[in-house]
Amino acid sequence: MKFLVLVAFLGVAVAFPISDEDDDKIVGGYSCARSAAPYQVSLNSGYHFCGGSLISSQWVLSAAHCYKSSIQVKLGEYNLAAQDGSEQTISSSKVIRHSGYNANTLNNDIMLIKLSKAATLNSYVNTVPLPTSCVTAGTTCLISGWGNTLSSGSLYPDVLQCLNAPVLSSSQCSSAYPGRITSNMICIGYLNGGKDSCQGDSGGPVVCNGQLQGFVSWGIGCAQKGYPGVYTKVCNYVSWIKTTMSSN
């Protein structure tokens with residue numbers, strides 16, 4: 001799940017939910033088109049607990065705070081409550097967290113999952129390219145997931161939800177979370193609130209101009225004014241990703 005905490009307050013978990021009239025999807029998003037995010041996966045342990053991104057036929061990228069030693073990866077998933085024949089379920093053979101992951105600060109919140117067999121790629125299951133450069137502030141990106149659709153209360157969707165949101169500047173990000181943003185994090189969303197990723201979206205993709213630039217990591221609450229979502233900055237990890245994949 002997305003960490004809805006200010007992770008450096010002496011280890012105390014705090015979240016400040018608010019009401020919002022526009023809470024309908026992700027929070028404030030919409031139901032994705034069926035093949036809008038063929039790279040989106042659902043991480044399962046008897047239930048959906050996090051998202052992830054298929055970056056090769058046998059590797060998935062997600063958040064380290066989603067770690068479990070054994071994971072069932074569902075690909076081609078769209079409606080969690082129904083099957084349309086496009087789904088593939090493949091168990092993990094390896095789950096590799098970044099060695100520098102810090103559970104308190106959520107720095108280096110990244111992990112790789114090796115599938116026990118290669119996925120069959122098609123229009124519903126496909127890979128997303130890694131970034132060739134870091135994304136610039138102001139770029140609109142696509143966020144997707146099956147996380148909570150309410151900033152106050154809980155309403156989890158069956159159908160994959162999408163949200164278009166802008167990348168914020170590093171100064172906007174640091175101002176929202178003073179002293180807590182590292183160079184491995186980016187903020188994406190709306191400072192006025194109302195639209196955001198939420199619990200259950202963790203590890204799920206942020207795709208900008210066709211490249212995987214981030215995935216859901218943490219924040220204070222969901223869709224709260226002044227507190228945009230914080231995402232792992234994938235462009236900083238391309239070398240780590242490629243090295244880890246080639247050596248495993």
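Using N, Cα and C of the backbone, Cβ positions are placed for all residues, glycine too.
Remember, it's a predicted structure, so these values are computed and weren't measured experimentally.
The active site, charge relay system annotation in Swiss-Prot covers His65 (among others) and rests on similarity to another entry. In the three-state DSSP assignment, the secondary structure recorded for His65 (active site, charge relay system) is helix.
Counting every protein chain shown, the Cβ of Asp109 (active site, charge relay system) has 32 other Cβ atoms within 10 Å. The active site, charge relay system annotation in Swiss-Prot covers Asp109 (among others).
Residues annotated as active site, charge relay system in Swiss-Prot: Ser202 (among others). DSSP assigns Ser202 (active site, charge relay system) to coil, not to a helix or a strand.
Counted within 10 Å of its Cβ, the other Cβ atoms near Glu77 (Ca(2+) binding site) come to 23, all protein chains included. Secondary structure at Glu77 (Ca(2+) binding site), as computed by DSSP, is coil. Positions annotated as Ca(2+) binding site by Swiss-Prot, on the basis of similarity to another entry: Glu77, Asn79, Glu87.
Taken from Swiss-Prot, the feature disulfide bond applies to Cys32-Cys162 (among others), supported by sequence analysis. Its own atom aside, the Cβ of Cys162 (disulfide bond) has 19 Cβ atoms within 10 angstroms in the protein chains shown.
Remark: Cys66 (disulfide bond) has Leu43, Phe49, Cys50, Gly52, Met111, Ser202, Gly203 as non-local neighbours, by Cβ distance under 8 Å and separation of at least 6 in sequence. Residues or ranges marked as disulfide bond in Swiss-Prot: Cys50-Cys66 (among others).
Mapped onto three states, the DSSP output places Cys134 (disulfide bond) in coil. If you look up Swiss-Prot, you'll see Cys134-Cys235 (among others) marked as disulfide bond.
Sequence annotations record features per position, and here Swiss-Prot assigns disulfide bond to Cys141-Cys208 (among others) based on sequence analysis. Under the DSSP three-state reduction, Cys208 (disulfide bond) is assigned to strand.
Sequence-distant neighbours of Cys187 (disulfide bond): residues of the same chain at least 6 apart with a C-beta under 8 Å from its C-beta are Val167, Leu168, Gln172, Cys173, Ala176, Tyr177, Ile181, Pro228, Gly229, Val230, Tyr231. Taken from Swiss-Prot, the feature disulfide bond covers Cys173-Cys187 (among others).
A 10 Å cutoff on Cβ-Cβ distances gives Cys222 (disulfide bond) a total of 31 other Cβ atoms nearby, all chains included. Under the three-state DSSP scheme, Cys222 (disulfide bond) falls in the coil class. Swiss-Prot lists Cys198-Cys222 (among others) with the feature disulfide bond, giving sequence analysis as the kind of evidence.
Annotation source Swiss-Prot lists domain 'Peptidase S1' at 26-246, citing sequence analysis.
Annotation source Swiss-Prot lists signal peptide at 1-15.
The 10 Å shell around the Cβ of Asp196 (site 'Required for specificity') contains 31 further Cβ atoms across the protein chains shown. Look at Swiss-Prot and you will find Asp196 tagged as site 'Required for specificity'.
Among the recorded positions His65, Glu77, Asn79, Glu87, Asp109, the residue whose Cα lies closest in space to that of Cys134 (disulfide bond) is Asp109.
A Cα-Cα distance of 21 Å separates Cys208 (disulfide bond) from Cys222 (disulfide bond). Cα separation, Glu87 (Ca(2+) binding site) to Asp196 (site 'Required for specificity'), rounded: 27 Å.
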